[in-house]
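Asks: Dropping a structure here in structure tokens format, bear with me for questions.
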Amino acid sequence: MFAARRAVSGAFQTRAFSASARDLSKVTVLGAAGGIGQPLSLLLKLNPRVTDLALYDIRGGPGVAADISHINTKSTVTGYDPTPSGLAAALKGAEIVLIPAGVPRKPGMTRDDLFNTNASIVRDLAKAAAESAPNANILVIANPVNSTVPIVAEIFKAKGVYNPKRLFGVTTLDVVRASRFVSEIKKSDPADENITVVGGHSGVTIVPLFSQSSHPDLVGNAELLKRVQFGGDEVVKAKDGAGSATLSMAMAGARFAESLLKAAQGQKGVTEPTFVDSPLYKDQGVDFFASKVELGPDGAEKILDVGKLDAQEQQLLDACLADLKKNIEKGVTFVAQNPGN
Ligand SMILES: NC(=O)C1=CN([C@@H]2O[C@H](COP(=O)(O)OP(=O)(O)OC[C@H]3O[C@@H](n4cnc5c(N)ncnc54)[C@H](O)[C@@H]3O)[C@@H](O)[C@H]2O)C=CC1
Ligand SMILES: O=C([O-])CC(=O)C(=O)O
């Protein structure tokens, strides 16, 4: 945080440039007591751009909030009861709503195997958000992201408040992993490894574009490709039944929220990879796609093209689009057939 000490009435006061009174930013976490929710909430509490942190979960929200609220940063932290009015209050006035609520994988499961449980959780939370925070940026973490994001879109459409610029599937972890894995191979600093990853967030829908990086020689490295596409499986296997990535995901989610806040607070040129309602492949029936997106005060300002692809990458993209189309349709069909109450 940049802070300035200024003389006011003869005394020195500390003023935070990054979270001035003009930039009040309420951030809500739905699923705040979970494996991702807790460290994510912790990281948000450490972010001076967040002024008001609202924590909601069907169990344990107030406890996590009481704990985090003792951290000596300026933001307020409030935990909400697991009731419809608690949920509505958690959402009211939010600029950003992060949704890590939902069950994680166990070994042997695909992300799609989570659909039956998580689709209705996300649908119901989306309804509450559409009612209480219709203008918020909605950041969907719950899997399968390729289907849960279209579910949120359908709910917001049904409520007449859909703004495609404000709905994001969080795919940040895929680029975080890609840059780390490349740095391990190249013995470099991961901060210098900007690897573009496009498509979606599961298996073959995750398409890294090494041809566009400073290491085009990595195109065709099957082992690396497998790690990037199936990095989540590595963690699921290592946790051996105790869930999936939580800590790296918390970092990735906090990074994405930080980028949105920076852009909202006037910083130019902030880009993040994210799964959004995208024009790029609509002509092929694929309505959502992850690519680099320039963020601004209104959310997704500019969706960047995937750029030039190597022939092998084009094949990966073709396989991605075929899967993605089915994943998206599954989410849309779910809402049509199960509109809920
Ligand atoms: N987008 C991504 O890159 C990643 C996504 N994930 C996904 O994130 C989700 C959460 O994972 P974990 O935190 O590890 O799971 P977890 O089981 O540890 O935590 C989930 C939390 O959601 C809460 N919850 C369930 N239903 C709720 C509801 N209706 N309202 C509010 N809270 C509710 C639970 O009480 C629990 O505290 C999973 O679906 C997982 O697959 C995980 C890692 C990466
Ligand atoms: O693999 C999972 O189930 C969780 C996830 O999305 C990831 O770690 O990328």
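Including glycine, each Cβ sits where the backbone N, Cα and C put it.
Got these off TrEMBL a minute ago, pasting:
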type	residues	note
DOMAIN	26-169	domain 'Lactate/malate dehydrogenase N-terminal'
BINDING	GLY31, ALA32, ALA33, GLY34, GLY35, ILE36, GLY37, ASP57, ASN118, ILE141, ALA142, ASN143, MET249	NAD(+) binding site
BINDING	ARG105, ARG111, ASN143, ARG177	substrate binding site
DOMAIN	171-334	domain 'Lactate/malate dehydrogenase C-terminal'
ACT_SITE	HIS201	active site, proton acceptor
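Give me the lay of the land around each of these features.
Replies: Over the domain 'Lactate/malate dehydrogenase N-terminal' (26-169) the predicted model carries a mean pLDDT of 98.
DSSP assigns GLY37 (NAD(+) binding site) to a helix.
Mapped onto three states, the DSSP output places ARG177 (substrate binding site) in helix. Neighbour list (ARG177 (substrate binding site), Cβ cut-off 8 Å, at least 6 residues apart, same chain): ARG227, VAL228, GLY231, SER248.
Neighbours of HIS201 (active site, proton acceptor), defined as other CB atoms within 10 A of its CB across all chains, total 28.
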Asks: Taking ligand 2 as the reference and 6 angstroms as the Cβ limit (strictly under), which binding-site residues among ARG105, ALA142, ASN143 are close?
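Replies: Only ARG105, ASN143 qualify.
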Asks: Residues near the substrate site, ARG105, ARG111, ASN143, ARG177 excluded, by Cβ within 8 Å of the Cβ center?
Replies: PRO104, PRO144, HIS201, SER202, GLY232, ASP233, VAL236, SER244, ALA245
Asks: Quick check on the domain 'Lactate/malate dehydrogenase N-terminal' (26-169): DSSP residue counts for helix, strand, coil, in that order please.
Replies: 64 helix, 26 strand, 54 coil
Asks: Look at the binding-site residues ALA33, ALA142, MET249 and tell me which residue has the greatest number of other C-beta atoms within 10 angstroms of its C-beta.
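Replies: Going through ALA33, ALA142, MET249 one by one, the largest Cβ count within 10 Å is at ALA142.
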Asks: Sorted by position, what residues of the same chain at least six away from ARG111 (substrate binding site) have a C-beta under 8 A from it?
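Replies: In sequence order, the residues whose Cβ lies under 8 Å from that of ARG111 (substrate binding site) (at least 6 apart) are ARG105, ASN143, PRO144, VAL145, ASN146, HIS201, SER202, GLY203, GLY232.
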Asks: Relative to the Cβ of ASN118 (NAD(+) binding site), which residues of the same chain, six or more apart in sequence, are found under 8 Å away?
Replies: GLY102, VAL103, ALA142, ASN143, PRO144, THR148
